[in-house]
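The structure appears right after this line, and notes come after that.
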Amino acid sequence: MSTYAEIRRALHRIPEPGFQEFKTQAFLLDYLQKLPAERLDIKTWRTGILVKVKGTNPKRRIGYRADMDGLPITEETSYAFRSEHEGYMHACGHDVHMTIGLGVLTHFVNHQVADDLIFLFQPAEEGPGGAQPMLESDEFQAWKPDMIFALHIAPEYPVGTIALRPGILFANTSELFIDLKGKGGHAAFPHTANDMVVAAAHLTTQLQSIVARNVNPLDSAVVTIGKITGGTRQNIIAESARLEGTIRTMSLDSMKQVKSRIEALVAGIEAGFECEAQIDYGSNYCQVFNDEALTLEFMNWVRDTGAVNLIECPPAMTGEDFGYFLEAIPGFLFWLGADTPYGLHHAKLEPSEQAIDVAIGLLSKYLTWKSEQA
Ligand SMILES: CC(=O)N[C@@H](CCC[C@H](N)C(=O)O)C(=O)O
C-alpha cells in the first residue's frame, strides 16, 4: 500500500460537516509541518488551509483546490478503516481529493518549478459552500492564482481515465427547503385537522411535474426531494412537515422558471390544504464552466503525452462550488476515474485508491510542463 493510500485512509476515518473540519484541518497541518519549511508558506482560513509551494522564479501562480467536508451518511462499505464519526462519511471522494493535493504538493516541494503553486484545502463544498467566502477572503486574495483547477472522482470511469469538456461541466444548483404548517389532531378525527403528511405527499408528487411539463425539454433540469419529515406518531395527524431537496439546471433562465413554478405549486398547496408554507432556497452554486483555452490546452497535452486515457464527456447535473473560483479565475475541473459500482453520495462508495497515484503522477507532469510554458 502506498503512503498516500494510508493518508487517504486516515482522512476517511474522520469525515466532518462543512466548516467543522477541525480534525481534518489538524491532520493536514500536521502533515504539512513535517515538510521542509523553507519551501512552503502555510495559512489557515476558518477550517481551510492555503499552502504556497514557492517557485524558483515565479512569474505566475497556479492553483489546485481540494474540498474537505464529509456527508451525513452512515457508512456501509467493507472497509476496515470505516468512518469513526457516527452518521458521517466521505461519500463524495473528498478524502481522495485532499490526498492528491498533498501528494502533488509534496512532489513540488522536492522538485521545485519556476511558478508558485497554491494548494487550497477548502471547507464546506457539500454545503453551505466554502468556495465563495474563501475566494473573497484576504488570505486567498493575497495569493490569488492566475489559473486554477480541481478534480472530482468519477465512480463510473475506470482508473487511468479522466473526463472533461470545455464550457459547462456541472449545473447551477439551489438547495430547497419547504416547511408546511397545518393543524394537528387525533387520527380518528381527520375532519378537525389539516394533515401536513398528506399535503407533503401531494406537493412532492406535484413538484415532479415541473421538469416534465414546464422546463424546455432541450434544456436540462432536476428537482429532487431527498428528505421528508413530519408528524410525531402513527395515531396523531401531523401538524407540520418539511421537504428538503435540491434544484439543478443547465441555464439560469430555467433556474428562475423552476423556482417560480415551485412557488406557484406551494401557493396551491396552501390554498388547497388551508395551511401555511415557507420556502427557503438555502445555498446556491453557479455552474462549473471550464475555460475553453486552458481546457483544450490540457486535453491536447493529455492526448499528446498519453499520460492517461481521455474522454470528452457531456455535462452532468452535479453541482460544485468550485464554479465560483472559475467565475473569477480561468481554469477547469475534470473527472478522475475511480472505478467503483456505487455512485457518489452512496453509503457503499469505495473509490479505487489506485486513482490517487494516477492523479498525482498526471498532475505532477502537467504542472511541470505548464510551469515551463511562457
Ligand atoms: C459533486 C457533488 O456531489 N456536489 C454536490 C454539491 C451540493 C450542492 C448543494 N448543497 C445542493 O444540494 O444543492 C451535489 O450534490 O451535486
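Just so it is clear, glycine is given a Cβ too, placed from its N, Cα and C backbone atoms.
Nobody curates TrEMBL annotations by hand; they come from automatic prediction.
A quick note: this is a predicted structure, and the numbers were derived from the prediction, not measured.
Secondary structure at Asp67 (active site), taken from DSSP and collapsed to helix, strand or coil, is strand. According to TrEMBL, the feature active site maps to Asp67.
DSSP assigns Glu126 (active site, proton acceptor) to coil, not to a helix or a strand. Glu126 (active site, proton acceptor) counts 22 other C-beta atoms within 10 Å of its own C-beta, drawing on all protein chains shown. Annotated active site, proton acceptor per TrEMBL: Glu126, in sequence order.
Per TrEMBL, the feature Mn(2+) binding site maps to Cys92, His94, Glu126, His152, His345.
TrEMBL lists 178-267 with the feature domain 'Peptidase M20 dimerisation'.
Apart from Cys92, His94, Glu126, His152, His345, the Mn(2+) site neighbourhood in this chain, defined by C-beta within 8 angstroms of the site C-beta centre, holds Asp67, Asp69, Leu71, His90, Ala91, Gly93, Glu125, Leu344. Close to His152 (Mn(2+) binding site) in the fold, though at least 6 residues off in sequence, lie Gly93, His97, Thr318, Glu320, Leu333, Phe334, Trp335, Leu336, each with a CB less than 8 Å from its CB.
Less than 6 Å separates the Cβ from ligand 1 in the case of Cys92, Glu126, drawn from the recorded positions Asp67, Cys92, His94, Glu126 in sequence order. Cα to Cα, Cys92 (Mn(2+) binding site) and Asp67 (active site) are separated by 10 Å.
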